[in-house]
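S.K.: Got these off TrEMBL a minute ago, pasting:
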type     : residues                                                               : note
BINDING  : ASP133, HIS173, ASP181, LYS375, HIS380, THR422, ASN461, ALA462, ARG500 : substrate binding site
ACT_SITE : GLU266                                                                 : active site, proton donor
ACT_SITE : GLU460                                                                 : active site, proton acceptor
Amino acid sequence: MPSILQSTQGEIGKILWLHHEHFQWEMPSSNRAKGARGGARQLKRQVLRHALASSVSRVVRNSQAVASEISATEQEAQTPLTYNEKMLANYVPVFVMLPLGVVTVDNVLEDKDGLERQLKELRAAGVDGVMTDVWWGIIESQGPKQYDWSAYRSLFQLVRECGLKLQAIMSFHQCGGNIGDVVNIPLPPWVLDIGESDPDIFYTNRTGNRNKEYLSLGVDNRRLFYGRTAVEIYSDCMQSFRETMTAFLEDGFIIDIEVGLGPAGELRYPSYPRNQGWVFPGIGEFQCYDKYLKAEFKEVATSEGHPEWELPDNAGTYNDTPESTEFFGSNGTYLTEKGKFFLTWYSNKLLCHGDQILDEANKAFMGCKVKLAAKVSGIHWWYKADNHAAELTAGYYNLKDRDGYRPIARMLSRHYGILNFTCLEMRDTEQSADAKCGPQELVQQVLSAGWRENIDVAGENALSRYDRDGYNQILLNARPNGVNKEGRPKLRMYGVTYLRLSDDLMQKTNFNIFKTFVKKMHADQDYCPDQGKYNHHIGPLERSKPKMTIEYMLEATEPTEPFPWDKETDMSVGGALANLIDKIFSMFK
């Protein structure tokens, strides 16, 4: 057996070669042609130095683990894997989102007995765990740094007793005003009070309407909250969560911390608020007209030699179509130098917002055996239009010649984060042709962006679905090229969260189909409590990698073809015949 030193030296050599190859492939072709000249040479050295330092550190730190791996590998060579052991490599865990108001606005665990019955049914169905919002508006409602986690401790204890794992969302947004919101949980009252005297702490559209779902990223670093910045508020809250929930974090019960970065917990601007009259498929509106963001834009434009440039005033209103506006129309403002400057600034602000808060989350949970995650919204309407208007107003600067999602994935890679995406259940044929929807292509693009940046991708359905077609689409996206009966599949999502637990889901016919879906997500294998058996090793969270320059993140905007998808899943829950049988049975209920 080779020595640990030899193994380590070989690993370092491989790391150097891999990073060299990765850099060559990811560098734009124009830069590759110039070889190692100028800024490319300096950037390459910087990337290699950071990557090598991080990788060598892990190799040395895990030398004993390397020895164990070698021993385990030798043992495996002597004992061939069984069919079921090979198929476990295709296993995708399934989580179920708990109701929005499982903890009430008054900080009380709602209907504990009823919830316990449902959780036990989920466990019996093979579900791996549940996801729940942890509402900032509930736990810090009494005043700055006055945290009350009691109801959530009770909830977590109940979930653990039912044998389920937990994904926790640090929900720094309001509940209410978005699709599917059936309860109202506002931001903490003391924050809303500050907004009464300074309404510019909230996102604002061109006509001055304020959105109280989430604090404007324009106040991320402004000490407007009793001496604290918005980022410090989020950081303090996450640190308090860690200190209070230590027992749940140490025993591996909490496996994911999804960090809320905007409305609905998503990294985006609140560009399509239903509580301000938006209806599908309106293009939405830009949300950067509070005094703080307006001042920042003016400062940046002036520094670039264009003090005359202002924020857009020709991008229409919430329910306009792209072609009815001057900004998004054919040969519109979005294609001009001024329009490109604005869209770059607008999307970069979002990128830096996510990066800064995830860095704080990393510091808060460093050393815990958890993964960090961030959610990106599935804005599929107008995706097939040249202007991608609805994505642009939300902050995703995504066009045919510019990838708006891969820079987000690259930013997440700095924090070892999971990219959580929505609308996994949607098919193009189910959507409005007039709105030029493209959910299937959008999912392909975003998941491919994550995989190309070597991060895990997870996802969820955007709307509640109980039909086989919706489940089959999720299954296809979970393993785009099907299962591999000899081991790991080509592509596999890290996990899928079903939205959401409800009486409708637990209805007998619906739940029977759901149980089949869970089994197929598990590649026809029984529930597996050992995450390591399907290659989900969750070690202590490491410190984030060195800060990336915005220029390096934006290199990822170079468009690339997404990975190929099969036409249909090879783990179907049933097709047209099964649907017909379901309908016949439903007639005799």
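Even glycines carry a Cβ here, placed using N, Cα and C.
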S.K.: If one measures from the C-alpha of ASP133 (substrate binding site) to the C-alpha of the residue listed as 'active site, proton donor', what distance in angstrom results, rounded to a whole number?
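M.R.: Cα to Cα, ASP133 (substrate binding site) and the residue listed as 'active site, proton donor' are separated by 12 Å.
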S.K.: If one measures from the C-alpha of HIS380 (substrate binding site) to the C-alpha of GLU460 (active site, proton acceptor), what distance in angstrom results, rounded to a whole number?
M.R.: 14
S.K.: Measuring Cα to Cα, how many Å separate the residue listed as 'active site, proton acceptor' from ARG500 (substrate binding site)?
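M.R.: The residue listed as 'active site, proton acceptor' and ARG500 (substrate binding site) have their Cα atoms 10 Å apart.
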S.K.: At the Cα level, what's the spacing in Å between GLU266 (active site, proton donor) and ARG500 (substrate binding site), rounded?
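M.R.: On Cα coordinates alone, these residues lie 17 Å apart.
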S.K.: Which of the listed binding-site residues (HIS380, ARG500) has the least company, meaning the fewest other Cβ atoms within 10 Å of its Cβ?
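M.R.: Fewest other Cβ atoms within 10 Å, among the binding-site residues HIS380, ARG500, is found for ARG500.
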S.K.: Just jot down the residues in the same chain as ASN461 (substrate binding site), at least 6 apart in sequence, with C-beta under 8 A of its C-beta; none if empty.
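M.R.: ASN461 (substrate binding site) has long-range Cβ partners THR422, CYS423, LEU424, GLU425, GLY470, ILE474, TYR498, LEU499.
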